[in-house]
């Protein structure tokens with residue numbers, strides 16, 4: 001760049017910082033430009049690895065969707081518990097009015113410190129979310145769920161009234177405000193979403209998520225969570241076998257997936273994941289039904305090995321640290337997304 005252009009650029013940058021504040025614009029290579037993203041674990045080791053950065057990114061919009069009883073709320077409550085362990089403050093916007101505090105405590109959530117709101121309508125829920133984000137005091141906000149964010153006009157109207165695209169416009173308007181504020185305050189906003197079926201789809205998947213297209217565009221990470229089987233103890237079903245696909249990821253390559261067990265009343269079977277992933281990378285040895293770590297046998301069968309790790313948390317942490325070091329050693333590609341996308345302007349649901 002020649003001297004005249006350099007002087008003009010310096011003057012422009014000075015004027016921008018004077019008018020809009022320091023660090024409004026900067027070179028990407030500056031030390032003041034934060035490139036490393038803070039993350040919060042999902043509570044599932046396999047999913048943290050599938051996300052490519054070790055967890056969910058702070059300061060971003062996240063969407064978690066799937067069928068009923070697939071583990072969406074469980075996953076978000078585990079993320080809240082992990083965020084609280086880091087000293088973070090979290091809020092739960094319970095639009096479905098279905099939060100179970102007893103179950104939340106079982107998953108490790110400190111319910112005394114968790115902020116909870118049960119809004120009357122969608123506008124109120126999103127306004128509360130935006131105010132909390134702008135406060136700069138929160139680290140994570142969960143909205144459960146997008147489908148329950150009913151517009152005020154629909155609540156005040158008659159049954160059977162048509163409100164075409166009202167929720168989609170509400171979401172689009174709210175996300176335009178929340179996205180920038182979330183980045184500035186480094187607050188993660190997680191939207192739980194439900195699945196609906198499109199009518200008359202001949203080819204491709206008829207499934208779609210509620211709330212229009214805006215959330216698909218603004219979300220940095222989209223997770224598709226499904227129940228793929230049952231976990232049994234004898235004849236009794238004690239949990240779900242769950243698969244989570246990373247449908248979109250702006251922080252690392254997308255389309256990775258993780259499979260893990262969710263035990264009823266307990267959440268993700270974290271230690272079973274540690275054993276499976278340990279065997280995969282060779283940290284944990286497996287000979288027949290026996291599992292071993294180093295020269296020590298840790299159990300016959302996975303269930304006994306899990307009990308051993310539960311009684312020896314230091315060994316479990318050591319194995320997990322080796323797994324994370326091995327699996328997250330490669331620097332992820334930045335800006336990888338599932339599909340080419342266009343900014344949403346006008347949309348209907």
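The backbone N, Cα and C atoms fix where each Cβ goes, and this holds for glycine too.
Summarising the annotation, Swiss-Prot assigns ATP binding site to 66, 67, 68, 69, 70, 71, 72, 73.
Overlay of Swiss-Prot annotations on the structure.
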| residue | record | contacts (Cβ under 8 Å, 6+ apart) |
| --- | --- | --- |
| 66 | ATP binding site | 72, 195, 224, 225, 226 |
| 67 | ATP binding site | 195, 226, 227 |
| 68 | ATP binding site | 194 |
| 69 | ATP binding site | 227, 240 |
| 70 | ATP binding site | 225, 226, 227, 240, 242 |
| 71 | ATP binding site | 225, 227, 240, 242, 262 |
| 73 | ATP binding site | 99, 144, 192 |
Around residue 72 (ATP binding site), how many other CB atoms lie within 10 A of its CB?
-> 21
Looking only at DSSP and grouping its letters into three states, which state does residue 66 (ATP binding site) belong to?
-> coil
Non-site residues, in chain order, whose CB comes within 8 A of the mean position of the CB atoms of 66, 67, 68, 69, 70, 71, 72, 73 at ATP | 225, 227
